[in-house]
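Down below is the structure, laid out as structure tokens.
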Amino acid sequence: MALLTRIKGPRDLDRLSPEQLDQLAAEVRTFLVDAVSKTGGHLGPNLGVVELTIALHRVFDSPKDKVLWDTGHQSYVHKLLTGRQDFSKLKMKGGLSGYPSQAESEHDVIENSHASTVLGWADGLAKANEVLKKDDHVVAVIGDGALTGGMAWEALNNIAAAKDRPLVIVVNDNERSYAPTIGGLANHLATLRTTDGYERFLARGKDILERTPVVGKPLYETLHGAKKGLKDFIAPQGMFEDLGLKYVGPIDGHDIEALESALTRAKRFGGPVIVHCITQKGRGYQPALSDEADRFHAVGKIHPDTGLPISASGADWTGVFAEEMVALGKEREDIVAITAAMLQPVGLDRFAKAFPERVYDVGIAEQHGAVSAAGLATGGLHPVFAVYATFLNRAFDQVLMDVALHKCGVTFVLDRAGVTGTDGASHNGMWDMSILQVVPGLRLAAPRDADQVRAQLREAVEVTDAPTVVRFSKGAVGPAVPALRRVGGMDVLREPGSDKPDVLLVSVGALAPMCLEIADLLDKQGISTTVVDPRWVKPVDEAMAPLAERHRVVVTVEDNSRVGGVGSAVAQALRDAGVDVPLRDFGIPPQFLDHASRAEVMAEIGLTAPDIARQVTGLVSRLDGRYETSAAAPAVEPARD
Ligand SMILES: Cc1ncc(C[n+]2csc(CCOP(=O)(O)OP(=O)(O)O)c2C)c(N)n1
Ligand SMILES: CC(=O)[C@@H](O)[C@H](O)COP(=O)(O)O
Ligand SMILES: [Mg+2]
């Protein structure tokens with residue numbers, strides 16, 4: 001790492017020779033494989049942008065110039081070159097974020113890891129530079145996958161309208177999102193890729209000719225004219241140029257000299273310009289290059305030599321869903337599936353293998369996915385749209401005004417619901433049970449274990465006149481939690497052991513094991529608790545109010561924002577029923593949560609059995625007049641395993 005460790009900031013790159021730059025790229029790749037194999041992370045995407053990032057930071061002057069990353073998962077090299085080389089705690093509490101972070105560096109801008117937003121940011125920053133008469137440059141890096149998102153085209157439409165507003169857009173075209181990028185855009189990028197000869201010639205030729213005295217410039221102009229003619233002859237006018245954007249490319253995204261030449265030209269252009277770079281996800285690391293599924297898009301801890309996982313992952317929520325979807329697909333020919341460029345991560349790969357004609361990858365286009373689902377349902381099918389909970393946020397209006405308003409039988413399966421932790425604030429699935437509360441007719445289920453995933457998915461796909469939602473957590477599925485009896489549509493998980501029970505504990509989804517632990521801790525304080533799992537949390541079950549009336553206090557516990565979540569809905573249902581029982585709702589505070597493990601985040605926000613048991617003890621004690629405040633309540637020791 002002789003060179004890499006000497007890079008404390010982008011300007012340290014300026015003095016490196018071409019040979020040293022190639023050595024630096026090799027050192028960066030060695031570093032990435034060594035570091036990310038230990039922590040897990042987005043190894044493939046970052047191996048693909050080594051030369052591109054080096055060239056960007058040599059041509060542009062960050063942080064005066066803004067280097068922006070779409071999604072941000074490919075910003076590890078950017079971090080290495082901007083003074084952050086301790087990756088030992090990547091994505092861990094107190095360590096580097098897996099995405100840009102303004103708290104980490106002045107070189108970082110966009111922290112949102114939701115795709116397709118970078119061009120909007122760039123448009124705004126470029127306008128600000130124009131109004132403030134600043135000569136700073138704005139360069140936005142967007143992947144071919146992120147370019148399939150509608151927001152990117154809304155931004156391009158605006159950017160193309162301002163012919164004299166400088167803005168450099170780098171399309172990082174590695175032909176993949178996780179899997180190969182789909183759609184007409186991907187096909188168009190492919191046609192542009194096939195006419196690379198003249199661009200490389202131009203990129204090299206211009207520099208050589210510019211250094212040639214006297215004849216150089218006129219000769220270049222002649223060649224440039226020839227290139228233009230050649231390009232029109234070889235390749236149809238690209239859509240970017242049809243939009244009015246200057247297009248430079250395609251450029252070999254692993255040739256630093258060619259990249260610098262193209263970026264320098266783009267920087268001087270004085271208007272919006274696209275630099276189309278061809279890169280290879282997983283470049284330089286054979287285990288990633290051999291991985292046809294997703295080129296090591298996001299890996300856990302792996303053996304650096306083989307790329308094989310260090311620990312086998314057990315049964316997870318996604319796998320349970322994946323298996324049940326295949327079973328459902330066999331039973332019902334009307335069931336089709338939708339993914340937004342995440343077929344394997346959301347567990348639809350097995351369904352796709354069994355029913356290739358009944359699965360649709362819409363690209364990173366959740367809004368389109370939801371509207372297309374309304375069309376599919378109206379056309380007589382039952383679509384199951386599997387998507388990470390946090391990514392459905394952007395399709396809220398489509399769920400509301402296309403699916404629900406038209407009473408379409410569409411099932412949304414929300415994976416990674418609740419606190420996910422290590423991917424930072426924008427990846428926690430903490431808003432779905434709040435925003436979806438306001439959708440008329442929508443029914444929302446939160447299964448507590450594998451059996452309930454199967455059961456509630458089956459109940460969901462039976463609903464033909466409204467949207468249904470089944471939401472579950474990330475990772476290993478919890479232990480089976482049997483029901484003792486059913487009350488209305490709700491499962492009683494624990495009886496209070498008293499005919500005048502103190503607490504009705506409403507346990508939402510995967511938090512059932514924790515809620516049973518809370519009840520045990522309360523038991524030790526002489527507080528009797530009924531634990532109930534509503535299963536379908538929207539609408540609130542009609543049996544909730546009469547059940548609550550038989551208790552002294554109601555407690556709700558959910559892995560969702562406290563604001564407008566299940567607790568709020570239950571409180572409203574009790575008020576509407578005239579049931580005057582105090583209710584205390586526990587959930588995620590309305591904050592953006594820093595990256596850490598799920599357990600660390602849950603502890604930080606007090607969503608643990610001891611924390612909740614202590615507060616409920618205080619609440620009940622106040623009802624008994626024994627303690628003035630919950631702070632006076634006795635400490636509650638966590639249950640010993
Ligand atoms: C709105 C949204 N949907 C889905 C994702 C999940 N996701 C993260 S990276 C990625 C693929 C991005 O592909 P591309 O933009 O080509 O970048 P690459 O990984 O190829 O560098 C996806 C689908 C996301 N971050 N945001
Ligand atoms: C950047 C992005 O959105 C995805 O790659 C995400 O990081 C994957 O998350 P999981 O690891 O939970 O599948
Ligand atoms: Mg890509």
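Backbone N, Cα and C define each Cβ position, glycine as well.
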Residue from H73, H78, H254, H406 that TrEMBL also lists as binding thiamine diphosphate with S113, H114, A115, G145, A146, N174, Y285, E366: H73
Cα-to-Cα gap, N174 (thiamine diphosphate binding site) vs D144 (Mg(2+) binding site), nearest whole Å: 7
H114 (thiamine diphosphate binding site) - helix vs strand vs coil (DSSP): coil
Close-lying binding-site residues around ligand 3 among H73, H114, D144, E366, where CB distance stays under 6 Å: D144
D144 (Mg(2+) binding site): secondary structure state under DSSP, collapsed to three categories: coil
Residue among the binding-site residues D144, E366 whose Cβ has the most other Cβ atoms within 10 Å: E366
Surrounding CB atoms that lie within 10 Å of the CB of G145 (thiamine diphosphate binding site), all protein chains: 30
Nearest-integer angstrom distance between the alpha carbons (Cα) of D144 (Mg(2+) binding site) and H114 (thiamine diphosphate binding site): 14
Entries of H73, H114, G145 (binding-site residues) sitting next to ligand 2, with Cβ under 6 Å as the cut-off: H73
For E366 (thiamine diphosphate binding site): DSSP state (helix, strand, coil): helix
